[in-house]
Amino acid sequence: MGHAQKVFDKMSEPNTASWNTLFRGYSHVEFYWDIVVLFARMNHDGALPNCFTFPMVVKSCAKVNASREGKQVHCLVVKYGFISNSFVGTSLIDMYSSWGSIGDAYKVFAEIPQKNVVAWTCIIVAYISYRDMLSARRLFDVAPERDVILWNTIVSGYIEVGDMVAARELFNKMPNRDVQSWNTMLNGYANNRDVESFEKIFKEMPERNVFSWNGLIGGYARNGLLSDVLESFKRMLVEGKVLPNDATLVTVLSSCSRLGALDMGKWVHVYAERIGYKGNLFVGNALIDMYAKCGVIEKAVDVFNHLHKKDIITWNTIINSLAMHGNAADALSLFDRMKHAGVKPDEVTFVGILSACTHMGLVRDGFTYFQSMVDNYSLVPQIEHYGCMVDLLGRAGLLKQAVNFVRNMPVKPDAVIWAALLGACRIYKNVEIAELALTHLIELEPKNPANFVMLSNIYKDLGRWEDVAKLKVAMRDTGFKKVPGCSVIEVNDGVVEFYSLDERHPETENIYRALRGLTILLRSYGYVPNPGNVA
């Protein structure tokens with residue numbers, strides 16, 4: 001655009017087409033304020049705008065929230081006689097509605113003499129964005145022409161406000177439903193956590209595209225049905241009519257990471273590269289996260305190093321992953337690389353950096369990084385960052401400093417912060433601060449018996465059995481039991497969950513026989529179980 005501007009500036013008398021070309025160029029690179037400034041220059045030079053000029057300028061005023069300039073442009077639209085042009089009119093409707101001026105948007109709509117279906121859709125979208133479905137529906141009912149886009153728009157409006165009954169009634173009345181209509185309802189049910197309904201819609205669909213499959217797979221993911229995500233993806237590949245896109249692959253890889261399904265994740269990695277997504281930024285970010293959460297940090301680093309394009313999410317994912325795996329020195333080294341690459345860190349970055357300092361016991365460095373958030377990057381520390389600092393001080397054995405830090409925090413400490421302090425007290429056998437932490441935890445999480453277990457273990461370590469008994473009574477009085485630990489293992493292309501003393505699996509007898517054999521083998525090598533953490 002710099003070269004284009006120089007060429008334009010050398011033109012003695014640029015015509016309207018030349019101005020429009022320059023506006024279009026700046027619009028492509030999203031330099032909207034430049035368009036507003038250039039239009040003022042165009043108007044000053046006496047060049048006449050046309051019906052192609054105004055929509056670009058009006059859109060730019062909306063994008064940069066230039067309300068005064070936008071109203072001036074509106075005056076020029078009227079002056080030059082373009083208010084009857086539907087394209088110019090709809091751009092003005094969009095502009096006013098983006099500012100929340102729904103009354104002005106309707107006035108523009110009313111002034112358009114020949115309202116086509118685009119204008120009707122535009123004003124209805126304006127009311128939907130204002131969450132005024134009553135007005136939107138009234139306009140829809142009197143619209144002289146209603147194409148499939150307008151039908152989809154009003155159905156989407158009801159979905160956005162959570163009225164699935166009205167959305168379904170309109171969907172059933174829709175005369176010419178296309179695949180987008182079905183996808184709209186599918187995503188509506190998925191977003192409203194109605195699994196049975198979105199499964200039913202998917203089965204009824206006469207035609208499916210990649211967005212249909214993404215709606216089904218994404219719906220399962222949003223509802224925590226991660227095994228169904230993988231099964232649906234396999235079914236999509238078996239049917240073979242539609243290829244997945246990067247959004248599909250990201251959702252599947254995210255489910256693999258949450259399930260610990262490493263083998264499936266590896267297969268998706270190979271498949272993604274085979275169908276042309278090698279080096280794709282979104283897939284790459286998901287792969288880094290998947291490998292890290294499945295315990296293969298070396299592979300996560302390898303994917304990171306082979307990505308030619310990296311965004312803030314890429315850097316944050318690898319830095320946090322390295323910190324999570326205890327590779328704190330590598331995390332801090334990558335943070336330096338990130339800064340040298342010209343990428344500005346955000347709040348998520350510093351969670352990883354402070355966690356890395358915690359793992360290495362770098363108290364002074366941790367405080368330096370914490371302060372740099374404000375001093376160097378104008379970032380306001382959030383509760384997560386304060387939690388990292390409390391954890392850093394606690395693990396370093398600086399429990400009194402940690403308590404003082406918590407008391408001086410500008411935000412109210414949450415249960416995570418007090419739990420981190422309680423965990424540190426277990427390491428350093430500090431009963432006094434542990435009891436203080438438990439007092440606050442009982443206020444914040446009165447129904448969580450796990451907090452009692454932590455203090456009970458401290459009492460056990462110190463041989464204070466009477467206090468252990470009192471805590472067990474207090475824990476029993478809450479009426480809630482500690483949620484048992486859950487293990488997830490990938491077996492034969494599937495994922496199986498196990499709880500302590502779980503007997504639901506059809507192969508339970510064989511599983512426990514194998515477990516007893518492993519226990520005998522371990523003890524033959526001198527292994528002695530430590531039940532100290534069991535309560």
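Glycine residues also receive a Cβ, built from the backbone N, Cα and C atoms like all the rest.
Residues or ranges marked as repeat 'PPR' by TrEMBL: 147-177 (among others). Within the chain, the repeat 'PPR' (147-177) has long-range Cβ neighbours (under 8 A, six or more residues past its boundaries) at 117, 120-121, 124-125, 128, 131, 133, 136-137, 140, 184-185, 187-189, 191-192, 194, 197.
The feature repeat 'PPR' is assigned by TrEMBL to 178-212 (among others). Mean pLDDT across the repeat 'PPR' (178-212) comes to 94 in this model.
Feature annotation from TrEMBL assigns repeat 'PPR' to 311-345 (among others).
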Close approaches to the repeat 'PPR' (311-345) from elsewhere in its chain (Cβ under 8 angstroms; 6 or more beyond its ends): 281, 284-285, 288-289, 292-293, 295, 297, 300-301, 304, 351-353, 355-360, 362, 377
Helix, strand and coil counts within the repeat 'PPR' (311-345) (DSSP): 26 helix, 0 strand, 9 coil
